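K.L.:
Sharing a structure here in structure tokens format.
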């Protein structure tokens, strides 16, 4: 079991690194090309671009941390290195969750059909809603960063006073357990927001289909198609981030033996697969990104075919 996990982990981390960089990089490239051609960029594309950049940064950070831990374990164990990684990971992960939540909010405001006066007020001020949400998230980011900084400094100061290997491992275990509590606590709010937006979109689609029965029974109109595509994007986000949250709770259980530590790394890799898998869902759901990806595939196929000939 241990040997299998040891041989599997490098493959998983490498695949996540390659696929995540390619998927998010492709979204960033297509949005930028479209921005240059049209001389303007929509709010949805702005969030997609920021989300792609933050995910690329997070994937590279995770991969570099794993690479340093394998090739330079002494450097990886230093307090300054770990503290820098923890804060960097917290900031970038925070951006990922809140940008995803804002994308869900934007889908809901643009697509859903409600006659409620509050909804209509927010619908025509969707940009302000996104900006206010991001500003509010900065408070949680500041609070989370300060808590992690204080806790990590206390632990690393203790390590400097007691440099025994057992004590160092104990401190690292306590830090990981602490993060497994604080990070889900601070990222649970955007997760709930995405889940609520998903539920409201389902309700909006149900009402729309009910109204359609009186006009064009059995016919799928544009609004229905848009609802379904938005729901596909959000539900995948909710499912993937649920896996991400579950991975944190498994980490608390895993710090008992070396075998369980490998399980911790394996679950950690699966949890971070969220940032590599979700961009491909966004590409498949979005018509413009899907057509661009098909064009790229056909172009590559044509180039390789000519090379072989």
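From the backbone N, Cα and C atoms, a Cβ is placed for every residue, glycine too.
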K.L.:
State, for residue 55 and residue 183, whether Swiss-Prot gives them the same topological domain name and hence the same side of the membrane.
P.N.:
no
K.L.:
Based on what Swiss-Prot says, identify which of 113, 162 is the N-linked glycosylation site one.
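P.N.:
Record lookup in Swiss-Prot returns N-linked glycosylation site for 162.
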K.L.:
Which listed stretch (11-31, 128-148, 186-206, 230-250) has the most C-beta pairs under 8 A with the transmembrane segment (56-76)?
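P.N.:
Most contacts with the transmembrane segment (56-76): 11-31.
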K.L.:
So how many of the residues in the topological domain 'Cytoplasmic' (284-309) end up helix, strand or coil by DSSP?
P.N.:
24 helix, 0 strand, 2 coil
K.L.:
Report, as numbers and ranges, which residues of the same chain sit near the topological domain 'Cytoplasmic' (284-309): CB under 8 Å and 6 or more residues beyond its ends.
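P.N.:
Long-range Cβ neighbours of the topological domain 'Cytoplasmic' (284-309): 26-27, 30, 34, 229, 232-233.
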K.L.:
The transmembrane segment (11-31) and the transmembrane segment (81-101): do they have three or more Cβ pairs under 8 Å, with pairs 6 or more apart in sequence?
P.N.:
no
